[in-house]
Structures are given as structure tokens and as C-alpha cells.
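J.: Would you mind keeping the following structure in view while I ask a few things?
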Amino acid sequence: MKKSVNLLSGGIDSATVLAIASEMCYEIHAMSFNYGQRNHAELQKVKELIKKYNVKQHKIVDIDLRAFGGSALTDDNIDIPHYHSINELPEIVPVTYVPARNTIFLSYALGFAEVIGAQDIFIGVHTSDSANYPDCRPEYIKSFEKMVNVATNMGIQGKKITIHAPLIDMTKEQIIRTGLKLGVDYKNTISCYTPTEDDLSCGNCLACIIRLDAFKKNNIQDPIKYV
């Protein structure tokens with residue numbers, strides 16, 4: 001059985017990608033990160049996901065990205081913006097962008113993949129994010145894949161490492177539709193940047209607005225609870 005390393009955050013996208021990798025019959029090795037983010041609830045949500053998809057092993061890596069901040073998710077001095085509708089969302093890189101986060105995460109996943117001999121790495125980047133987050137674009141994924149195959153022992157031995165981004169051409173609406181077909185229980189996910197201590201989502205941060213809009217377009221009630 002082929003091995004995969006799946007980046008798993010506890011949100012809609014990574015949960016859907018986990019289901020896709022499971023459907024493709026990979027032996028899944030998941031990796032999550034405690035990087036100093038405001039939303040620690042996402043690390044609790046992954047527990048149910050790894051049970052459902054028979055994840056072989058799950059690594060939670062501690063990284064202190066608060067050490068240099070630069071993002072509303074890792075710096076308490078930067079406020080999380082709140083919105084009333086999807087039409088208010090910014091068309092520029094938002095303050096919730098974490099500098100180089102996907103590059104850092106993929107680098108850890110790459111190291112893990114080399115250790116266990118996995119040639120497939122899965123990440124949940126997609127179209128809806130690519131407009132605002134530079135490390136969610138197709139050209140970024142292609143460039144990273146090219147780099148890893150000249151920078152690793154596996155790569156120079158001809159054991160090509162592939163970075164899979166199966167959601168790359170999908171909107172959030174399409175991602176949810178795909179996940180539902182695969183049986184993903186989105187009750188076990190969270191997207192909110194500032195959930196309460198009892199895991200209630202705020203409903204008006206960028207992530208919540210996009211999530212609620214996507215469920216609405218699918219004519220489905222979001223199964224998680226909001227304030």
C-alpha cells in the first residue's frame with residue numbers, strides 16, 4: 001500500500017482531502033501543527049477525523065510562529081477583522097495570512113515523508129484561497145514540487161515526490177459537495193479564527209463568512225454551532 005503524508009488542520013479543506021486520500025487507498029500518515037495560532041480548537045477536531053479514516057499515525061508538531069508574528073492569527077497586537085457578508089471580504093492579502101506558513105508546513109511534511117518513505121504529500125489549498133493567499137496558488141504547488149525533487153535524497157534517487165492538491169480548482173462550495181459525497185462529517189471540523197472556549201464559531205471572521213456562504217450555496221445547514 002502506498003503511503004501518504006496529509007497536512008491536517010481540522011478544517012473543511014484538509015478533512016475533505018483526508019477523505020480523498022482514503023478513497024485512493026493510501027496508508028495515511030497525518031501531520032498537524034500547533035504553531036501558536038489563536039484557534040486551538042482545530043487540533044481537537046482532528047481526533048475524530050483520524051479515527052474515521054484509520055490514519056496510521058498522527059504527528060502534532062510544535063512550532064512557535066508567534067516568535068515573529070506578522071499575522072492576526074499569531075500576533076495578539078493585530079486584530080482579527082470581522083465582516084457582515086461575503087461581499088465585504090478583502091481582495092488583497094488579508095492580515096490573517098501567516099507568512100510562509102504553507103512552505104513551513106510542507107517542509108515538515110517533506111521531512112516526514114522521506115523518513116517513512118512516502119512519495120505522496122496531500123495539502124488542501126484551493127481556488128477560493130488562491131486570490132488572497134500567495135502560497136495557495138497552483139504555481140506555488142508546482143514550484144515546491146519541483147524544488148523537493150532536487151533537494152531530497154528520494155528525489156535524486158528517482159523516487160519522485162508528488163505534492164497533491166486535489167482541491168486546487170474547486171471553490172469552497174464544490175469542496176463541501178465533494179466531501180459530502182465521500183461521507184465527510186463536517187460537524188467534526190472548525191474554520192473560525194476566534195472560536196469561544198466551548199468551540200462556538202464567531203460567524204463573522206473571514207473563514208466563517210466563507211464557510212457559511214458555501215453551505216448556503218449547497219442548500220445545507222452548517223452542522224457546527226455558532227455564537
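Cβ coordinates come from backbone N, Cα and C, glycine included.
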J.: With Cys202, Cys205, Cys208 listed by Swiss-Prot as Zn(2+)-binding, which of these, Cys136, Cys192, is given for the same site?
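T.: Given Cys202, Cys205, Cys208 bind Zn(2+) in Swiss-Prot, the matching entry from Cys136, Cys192 is Cys192.
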J.: Report the same-chain neighbours of Ser14 (ATP binding site): residues 6+ apart in sequence with Cβ closer than 8 Å to its Cβ, ordered by sequence.
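T.: Correct list: Asn6, Leu7, Leu8, Ile123, Gly124.
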J.: Around the recorded ATP site, report the further residues of that chain (criterion: Cβ within 8 Å of the mean position of the Cβ atoms of Leu8, Ser9, Gly10, Gly11, Ile12, Asp13, Ser14, Ala15, Thr16, Val17, Leu18; site residues excluded), sequence-ordered.
T.: Leu49, Gly124, Thr189
J.: Which one, from the binding-site residues Cys192, Cys202, Cys208, has the smallest tally of other C-beta atoms lying within 10 Å of its C-beta?
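T.: Cys202, out of the binding-site residues Cys192, Cys202, Cys208, has the fewest neighbouring Cβ atoms within 10 Å.
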J.: Measuring Cα to Cα, how far is Cys192 (Zn(2+) binding site) from Gly10 (ATP binding site) in Å?
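T.: Cα of Cys192 (Zn(2+) binding site) to Cα of Gly10 (ATP binding site) measures 11 Å after rounding.
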J.: To the nearest whole angstrom, what is the C-alpha distance linking Cys205 (Zn(2+) binding site) and Ile12 (ATP binding site)?
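T.: Ile12 (ATP binding site) has its Cα 15 Å from the Cα of Cys205 (Zn(2+) binding site).
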